[in-house]
Amino acid sequence: MIASAGALKTLVFVLDLGGTFVFALSGALAGVKRGLDFFGIVVLSFAAASSGGIARDLLIGATPPAAISDWRYLVVALFAGTMTFFWHAAIEKVHDSVLVFDAAGLALFAVAGTQKALAFDLNPVMAAVLGMVTGIGGGIVRDVLLNEVPAVLRAEIYAVAALAGAMVVVVGYLLSLPTTAVALVGAFLCFAIRMLALRRKWQLPRVPRGR
Amino acid sequence: MIASAGALKTLVFVLDLGGTFVFALSGALAGVKRGLDFFGIVVLSFAAASSGGIARDLLIGATPPAAISDWRYLVVALFAGTMTFFWHAAIEKVHDSVLVFDAAGLALFAVAGTQKALAFDLNPVMAAVLGMVTGIGGGIVRDVLLNEVPAVLRAEIYAVAALAGAMVVVVGYLLSLPTTAVALVGAFLCFAIRMLALRRKWQLPRVPRGR
Amino acid sequence: MIASAGALKTLVFVLDLGGTFVFALSGALAGVKRGLDFFGIVVLSFAAASSGGIARDLLIGATPPAAISDWRYLVVALFAGTMTFFWHAAIEKVHDSVLVFDAAGLALFAVAGTQKALAFDLNPVMAAVLGMVTGIGGGIVRDVLLNEVPAVLRAEIYAVAALAGAMVVVVGYLLSLPTTAVALVGAFLCFAIRMLALRRKWQLPRVPRGR
């Protein structure tokens with residue numbers, strides 16, 4: 001049992017750094033496309049990977065945020081940024097795989113973010129919202145820095161997938177279900193919705209523009 | 001006396017949610033105009049309604065911010081966003097009434113924001129500034145998310161009205177005048193300046209562009 | 001010794017307000033160029049001067065941030081904004097001198113920001129990053145408010161100079177070297193790199209755009 005708890009902790013840690021890495025790639029690729037210099041690309045990497053978690057931690061009063069107190073997130077972002085700077089063409093070729101990892105990162109961030117917000121005694125509704133913010137905040141800051149309307153506000157089922165996963169965690173918490181099982185279900189639900197939305201090009205409804 | 005204190009509390013609460021609602025409408029309408037999807041419109045609603053108060057609370061160290069710890073603000077923003085999604089044409093027809101409510105929301109937010117900053121022992125000058133930030137912060141975040149230079153920086157008497165109301169609260173605090181009366185005067189002053197500025201198209205001076 | 005400590009404190013204070021003033025000028029000039037009104041120009045002044053320090057203080061949990069709890073930063077920004085509003089042509093004529101002061105402000109902010117982060121027990125790597133953020137954060141917020149991709153992400157040796165100065169402070173801290181001497185070396189290094197980069201038009205590498 002102790003061994004499995006240790007294994008789980010290791011798994012979560014690996015997934016956390018993995019999610020950070022994939023989100024950092026998305027920031028770095030966007031920076032390359034906009035012609036940023038090396039420093040700008042690394043900043044975009046770190047911002048895309050960490051802004052969601054930083055926003056959550058500031059809002060729940062958990063200062064300094066994990067991404068600031070632990071230097072490993074910076075190293076991962078630096079690594080992703082450097083890789084992208086030199087091999088962006090190769091990374092874009094495996095774009096579809098990146099999207100899979102991105103969905104996994106989203107699932108992990110949404111679930112872990114919700115758990116942290118609940119641990120800080122936030123009310124359940126807002127804990128789910130902050131879980132979603134953990135997942136989508138990085139992409140929003142990335143797009144604002146690049147002077148674009150955040151993609152997550154315009155199209156695609158992305159935030160909704162994060163919110164669904166976060167809500168599973170909240171419902172499990174309210175029903176006192178076992179944490180790990182609930183987290184796995186929430187993460188799986190988020191991942192599945194996101195992957196299906198990508199495959200089938202699901203979109204949320206918009207108001208017709210030609211008003 | 002107790003009854004009237006209760007009535008006042010109810011009044012402030014109603015006004016607070018009312019201000020939140022009207023600010024949320026402004027965010028949602030802006031989102032509809034820019035072709036955001038349903039989720040984006042709701043995010044804009046919440047951001048426009050709550051960012052000013054969230055910024056104030058983060059800056060004075062009141063975490064988690066009221067708009068995060070209390071789920072009712074989210075519900076109001078969700079309601080405003082949904083309404084706007086379906087009936088934006090009707091809402092735009094009553095645009096002039098919306099501006100009146102917006103001025104009322106601004107007055108309330110500026111006064112209440114200043115009071116909260118004073119309660120957290122901020123020095124009076126900066127308390128007035130944070131009161132103003134409470135009033136104008138939402139509009140700034142709304143415009144940044146939509147990739148526009150914030151309207152409040154470009155034209156119109158808007159921030160100045162908020163600042164005037166906030167300063168009344170600060171002066172009353174320094175002179176130990178009765179809180180409620182001072183708040184009413186501050187709110188009225190802000191509302192009056194804003195309405196007059198709208199009617200008479202007052203603007204702040206700019207540097208001539210043809211330099 | 002006490003006298004020299006007092007003199008040093010005065011020097012740091014003068015430099016701090018001086019750096020604030022020069023950064024505020026950069027914000028105000030950018031605001032004038034984009035046709036903001038008087039209020040917008042003052043907001044840009046304050047944002048450019050204080051956002052870096054505010055971000056650092058929020059991230060390390062030092063609320064309220066110094067720029068909010070001390071009204072003198074606001075007064076300096078107000079003064080810079082007003083000056084620029086009336087005499088922007090004259091200020092632009094001395095643009096080269098402004099760049100020298102800007103480099104001095106950057107050096108001071110980076111060093112002082114790193115020291116503050118270390119004093120709040122941040123790990124050394126991230127303390128250097130936050131020192132850099134103190135120096136470059138204001139320019140980033142200024143550019144985002146003006147709807148531009150932050151200049152610091154696109155070109156020029158600016159952040160790197162700040163990071164170099166910050167790293168000197170961290171290394172000195174780890175080796176327990178005398179604080180004042182280390183701060184002077186760090187500030188000088190940052191200033192020198194920035195001035196050289198300006199003179200020789202040094203730039204960081206970019207990915208070629210014609211991919």
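Yeah, the Cβs are placed from backbone N, Cα and C, and that goes for glycine too.
For B:12-32, B:38-59, B:71-91, B:125-145, B:157-175, B:181-198, the entry in TrEMBL reads transmembrane segment. Taken from TrEMBL, the feature domain 'Glycine transporter' applies to B:14-88, B:100-171.
A contact between the transmembrane segment (B:125-145) and the transmembrane segment (B:71-91) is absent, since fewer than 3 of their C-beta pairs, 6 or more residues apart, lie under 8 Å.
Most Cβ pairs under 8 A with the transmembrane segment (B:12-32) among the ranges B:38-59, B:71-91, B:157-175, B:181-198 are made by B:71-91. Ranked by the number of CB pairs under 8 Å to the transmembrane segment (B:181-198), the listed stretches B:38-59, B:71-91, B:157-175 are led by B:157-175.
The average per-residue pLDDT of the prediction over the domain 'Glycine transporter' (B:14-88) is 90, rounded to a whole number. Same-chain neighbours of the transmembrane segment (B:157-175): 103, 106-107, 109-111, 113-115, 118, 124-125, 127-129, 131-132, 134-136, 139, 151, 181-183, 185-187, 189-191, 193-194, 197, 202-204, counting only residues six or more beyond its ends whose CB sits under 8 Å from a CB of the stretch.
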